[in-house]
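Chemist: First the structure, then my questions, so here it is.
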Amino acid sequence: MSPENQSSVSEFLLLGLPIRPEQQAVFFTLFLGMYLTTVLGNLLIMLLIQLDSHLHTPMYFFLSHLALTDISFSSVTVPKMLMDMRTKYKSILYEECISQMYFFIFFTDLDSFLITSMTYDRYVAICHPLHYTVIMREELCVFLVAVSWILSCASSLSHTLLLTRLMSPENQSSVSEFLLLGLPIRPEQQAVFFTLFLGMYLTTVLGNLLIMLLIQLDSHLHTPMYFFLSHLALTDISFSSVTVPKMLMDMRTKYKSILYEECISQMYFFIFFTDLDSFLITSMAYDRYVAICHPLHYTVIMREELCVFLVAV
């Protein structure tokens, strides 16, 4: 996607990884091994959950679906990448690119929704242990998984449809900047939606700043859980600030565009804070695991050095 690129979009040429020809076999073996480990590892998790009746609980029900999602997510891009590493002409058809984008977004969203369901399951187990079996009954677990699939499908479909609208096969362009369509809002409704989104953005920023301030001021909150929460609050502020200010500014201007360099930077920080958010939630999940499964050793395991290490990683 270089600024000088001019093309009729019927297929895309893939540059691939900048690997020397003599190193191709080594990297191919490495990535193939990582892919097979991911697939076989998650298949083993699913098999063990099915075979062991002690694992027929809500937590492992969600975990089996998460394992299936991880296999599917890896299979969206990795096989194509491996195939391109063994061929000289690397390309992907327009239709294949759109399909790949759809499933990439679908399984990314599904992964997030399933982790949210698992978080709710742990919340009920910790805060309402006596009512756990009543609340987390089989019907609710199936409902949460079904809703996760439906919402992921709707999200990925909406993004893919917008992408196809912007990137039709007949489109020819010189990429120095991108024109932004914005939201399909009538002119007379612009002020209302601008105020609404501005209010949501300020609520997000001020709310997370308040969380960070309270954690800093209250010594009772100087615990691993709130240490991770303060970093998560900072991540949420940064994540919102990547796109929302630009969107608000474009809602008040007639000519909506973004420079190529700005688009690349925005994409970098969007992915960065998305991944950081996921890793921090994973660290918080590990913190809760230690608190529940090893309560007597909690302060020894979750020491300050480990918390700083997990955030840094």
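Every residue number used here counts from 1 along the chain in the order it is shown.
Note: Cβ is positioned from N, Cα and C throughout, glycine not excepted.
In TrEMBL, annotation is done automatically, which means it is predicted and not curated.
Sharing the features that TrEMBL gives for it:
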type	residues	note
TRANSMEM	25-49	transmembrane segment
DOMAIN	41-217	domain 'G-protein coupled receptors family 1 profile'
TRANSMEM	61-82	transmembrane segment
TRANSMEM	102-120	transmembrane segment
TRANSMEM	140-163	transmembrane segment
TRANSMEM	191-215	transmembrane segment
DOMAIN	221-313	domain 'G-protein coupled receptors family 1 profile'
TRANSMEM	227-248	transmembrane segment
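Can you walk me through where each of these features ends up in the structure?
Modeler: Proximity of distant same-chain residues to the transmembrane segment (25-49), defined by a Cβ-Cβ separation under 8 Å and at least 6 residues beyond the stretch ends, is recorded for 17, 19, 55-56, 60-61, 63-64, 67-68, 70-71, 74-75, 78-79, 81-82, 85-86.
This prediction places the mean pLDDT of the domain 'G-protein coupled receptors family 1 profile' (41-217) at 83.
Long-range contacts of the transmembrane segment (227-248) within the same chain: residues 182, 194, 197-198, 201, 204-205, 208-209, 211-212, 215-216, 258, 266, 269-270, 273-274, 276-277, 280-281, 283-284, 287, 307, 310-311, each at least 6 residues beyond the stretch ends and with a Cβ under 8 Å from a Cβ of the stretch.
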Chemist: Give the one range among 61-82, 140-163, 191-215 whose Cβ atoms make the most pairs under 8 Å with those of the transmembrane segment (102-120).
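Modeler: Between the candidates 61-82, 140-163, 191-215, the best contact partner of the transmembrane segment (102-120) is 140-163.
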